[in-house]
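Trainee: Okay, these came from Swiss-Prot:
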BINDING   30-33, Lys51, 87-91, Gly415, 479-481, Asp495  ATP binding site
Amino acid sequence: MAAKDVKFGDSARKKMLVGVNVLADAVKATLGPKGRNVVLAKSFGAPTITKDGVSVAKEIELKDAFENMGAQLVKEVASKANDAAGDGTTTATVLAQAIVNEGLKAVAAGMNPMDLKRGIDKATAAVVAELKNLSKPCADSKAIAQVGTISANSDDSIGNIIAEAMEKVGKEGVITVEEGSGLENELSVVEGMQFDRGYLSPYFVNKPDTMVAELEGPLLLLVDKKISNIRELLPVLEAVAKAGRPLLIVAEDVEGEALATLVVNNMRGIVKVAAVKAPGFGDRRKAMLQDIAVLTGGQVISEEIGLSLETATLEHLGNAKRVILSKENTTIIDGAGADTEIEARVKQIRAQIEETSSDYDREKLQERLAKLAGGVAVIKVGAGTEVEMKEKKARVEDALHATRAAVEEGVVPGGGVALVRALAAIVDLKGENEDQNVGIALLRRAVEAPLRQITANAGDEPSVVADKVKQGSGNFGYNAATGEYGDMIEMGILDPAKVTRSALQAAASIGGLMITTEAMIADAPSEAPAGGGMPDMGGMGGMGGMM
């Protein structure tokens, strides 16, 4: 096992503090409407320019192992805030830096670190409760657009497109962000349920100009196995032909003789039919087939529940107003499923979202939920260059998380004002002893840090602005973008309450851990032996020694 380097007490904390400050100083430059840019060198390709705090934090690794530990712990603050609310990472970093710097001063002055931590925790709980009281519900799309704009570093085109997307697909709908091909941002909304499987044969196409197959008022046959034998399908095909309606077959696969017969029947006009593979794989495929069944009021023909293709009747088939199949996608519009059953299915998926611990599973479940409950909106981000595209896409994703958080827990005045107003909750708060009181006072100073940093980045005097904001009340604050004072909500400067709360909780949690650190252990740097000369390369036919 490699030798370890161990540091204790003050010398350990000093090293850690250096790392904390290096990372936080780089990240906090991006805070606020006048946040500065940070340039990141890449091992290949052009450097990236960003105003996104997380991107900056991710790039930082320090040479000294102990300093690096401090930097990585602050990175943890940012990712904790990001996991909880999807935004607020820079605010969380600024708060953590303030708490750690003040806290370590107090520890160096002889305070008890455990009591300091208890004081910080007590004050944090009071501020979080006060933030809940300050928050106002975020109902209309104007407020949603304002939240999106602030989070996207004051880019109102991003705020507006997110508000429009939310209006179209509802609060439950899925909004995905993709790289577009033009210079402008575009929004496209998919109504109904869309899944990423296209027609199995181009001979099903009935609109050659757009290369799509459209079925009006079709019946849907949902099967969870491969269909290769046409004899299994005959009873259903005959019943559908008698009913005189088109048919969409969604199965694990349709191949060989079965597919050929369907194509021939379709081309001769005997039965208007199209076939498509079921979406997903394994258990997820079964679940998605069941979703389609619930949406269209049909049943999945599965041997697991004792149904086979030969015994299937029209009652087992789903109904929809229209189905559109392209080469890549299938869209089912206006399924005829019962509302009560769809609601029950939505409830079931929501319960699974709550239980799952995997981010991938959660994302897939949310997609399924949106397809049943709302719709899917796709924001295509437009930009002039690859570098700008990446940076803009990261900002759109941040803004999207922020607006979701705003809808969930409401909004508070932005620009660091909400934290200053929440100070009212800890003005008279007292701990059980003097050291806890120092912890409470320490947090009282730390919560001003975001407001001071936003002001400093805008080139103004932090102390003057902080004092003036503290003298005001309610939503009165400082608009760093214009240099004016006024009502933050009226000026459209809002933060989601959830983002502010998560940032403070993450910062207090990691800050408390750092203050109570007593020892640090890292791999000892390996002593590389001094490089000697090359050995004599004798023995190579007459080449004595190579000089």
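Glycine is treated like the rest: Cβ placed from N, Cα and C.
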Trainee: Take the Cβ of Gly32 (ATP binding site) and count every other Cβ within 10 Å, whichever protein chain it belongs to.
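Mentor: Counting Cβ neighbours of Gly32 (ATP binding site) within 10 Å gives 27.
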Trainee: Ten-angstrom check, please: count other Cβ atoms within 10 Å of the Cβ of Thr90 (ATP binding site), all chains counted.
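Mentor: The answer is 28 other Cβ atoms.
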Trainee: By a simple count, how many Cβ atoms lie within 10 Å of the Cβ of Asp495 (ATP binding site), its own Cβ left out?
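Mentor: Excluding its own Cβ, Asp495 (ATP binding site) sees 31 Cβ atoms within 10 Å.
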